[in-house]
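Enquirer: First the structure, which I've put down as structure tokens, then a few questions once you've had a look.
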Amino acid sequence: MNEPQVDQSPRGLLKEAQRVVVKIGSSSLTAQDGHLDVAALRGLVDVIAARHAEGKHVVLVTSGAIAAGFGPLGLGSRPKDLATAQATAAVGQGLLVAQYTEAFAAHGVRVGQVLLTAEDTVRRGHYRNAQRSLERLLDLGVVPIVNENDAVATDKLRFGDNDRLAALVSHLVHADLMILLTDVDGLYDGPPTRPGAKRIREVRSPADIEHVEVTSSGSAVGTGGMITKLESVSIATASGIPVVLTLASNVAGALAGDEVGTFFAVTGKSSSRRRLWLQYAAKARGRLVLDDGAVRAVLGGTASLLPAGITAVEGSFESDDPVELVDPSGRVVARGLVSYDSTEIPELLGRSTGELRDVLGEGYDRAVVHRDYLVLVRRGRRSS
Ligand SMILES: Nc1ncnc2c1ncn2[C@@H]1O[C@H](COP(=O)(O)OP(=O)(O)O)[C@@H](O)[C@H]1O
Ligand SMILES: N[C@@H](CCC(=O)OP(=O)(O)O)C(=O)O
């Protein structure tokens, strides 16, 4: 008997993905009046339940807590200030999960709520807990329903959007596909409202879309717009996970490998969580200004940052905090974990390691940022 043929094209292989992270944004779960669109939620659940019935793992990263919460709280519209948004999300999250619980129960599928902060997905010590509970939920045949822990995420550390959270969750569970569902059918070659803007069907490398203009404003209710989606895509694809970005109503087609939305091919292999955290989640506590020689050394990718190449230190931080490394014009070239407190660095500036050892003693000849704790920052894309 002949073996069934497997479509070996990059899109064709998506049908075979064993573990998928599906992220649905606020824009796709919100009705015209701003409230939760229960019909849209049920439509998504029908498709995910069908995939689940094939024995495949699905993790759902869903926004919608704020949309579900402001009506019951008696607020006329989606709150703008952080404290009210957090309170609204706390009320809405329970209602949102109740809707998912009911919709999945109609298919005989159980769900489990997992609320994460950015740090939980990448900080050593935090991510293992998140990883263990997600793995166990999947083993038990449960569909994990993930959202950012809005009520406790602090202003400094919160994502606000769920795009980057979805990529970090994909990395955490070793997904072999991530699907970003939104209110446009993929990445367009300019803002989709602009006449003549066209959908880009496939992106093979970041260079393909360097020229594409994207905005952060997005829809009326979404957060982050296309900018955070492309950041999410770059985390996932650089970690070896392909992405399809498409309209929420195309989710079945995306899972089947149809030519919907934009397909982003992988660009790298799995990278360490510490690097992902430094690159995408860590908030810098200060800046080190580098001279041209140090910039060249750091951009070379193999050198640590030594005190001799630093001309100034800005901000107040402690050893092991994330800092930005900037060139003489102030452009950020890298991020890293610093090995001195900000108060210690001024007396090290411009001195060679030998001199520091002689004057200040053993230990002061160490790098200010070791290369293992340093990631280069790509040039920012054009945005409007
Ligand atoms: N080049 C682009 N291609 C596609 N969409 C874009 C582009 N630039 C900006 N956008 C906007 O991004 C929005 C989606 O982001 P967002 O509102 O945050 O949605 P979500 O709630 O699904 O995360 C779209 O409505 C669109 O207006
Ligand atoms: N976490 C919040 C807001 C997240 C949000 O709007 O993000 P996104 O849908 O990615 O633009 C919520 O559940 O309402």
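Cβ atoms here come from the backbone N, Cα and C positions, even for glycine.
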Enquirer: For the substrate site that TrEMBL describes with Ser63, Asp150, which of these is also annotated: Asn129, Asn162?
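Expert: Checking Asn129, Asn162 against TrEMBL: the substrate site match is Asn162.
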Enquirer: Could you pull the average pLDDT for the domain 'PUA' (286-369)?
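Expert: Across the residues of the domain 'PUA' (286-369) the model's pLDDT averages 92 on the 0 to 100 scale.
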Enquirer: In the structure shown, which of the binding-site residues Asp150, Asp183 has the fewest other Cβ atoms within 10 Å?
Expert: Asp183
Enquirer: Can you break down the domain 'PUA' (286-369) into helix, strand and coil residue counts using DSSP?
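Expert: For that range the per-state counts are 22 helix, 24 strand, 38 coil.
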Enquirer: Within 10 Å of Thr228 (ATP binding site) (Cα to Cα), which of the binding-site residues Ser63, Asp150, Asn162 do you find?
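Expert: If one measures from the Cα of Thr228 (ATP binding site), the binding-site residues that come within 10 Å are Asn162.
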Enquirer: Drop a 10 Å sphere on every Cβ of the binding-site residues Ser63, Asn162, Thr228 and tell me which sphere holds the fewest other Cβ atoms.
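Expert: Each of the binding-site residues Ser63, Asn162, Thr228 was scored; lowest Cβ tally within 10 Å is Thr228.
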Enquirer: Under 8 Å between C-beta atoms and at least six apart in sequence, can you list the same-chain neighbours of Lys23 (ATP binding site), or say none if there are none?
Expert: Leu60, Val61, Thr62, Asn162, Asp163, Ala166, Met178, Ile179, Leu180, Leu181, Ser232
Enquirer: What whole-number Å value do you get for the CA-CA distance of Asp150 (substrate binding site) and Met226 (ATP binding site)?
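Expert: Cα-Cα, rounded: 21 Å.
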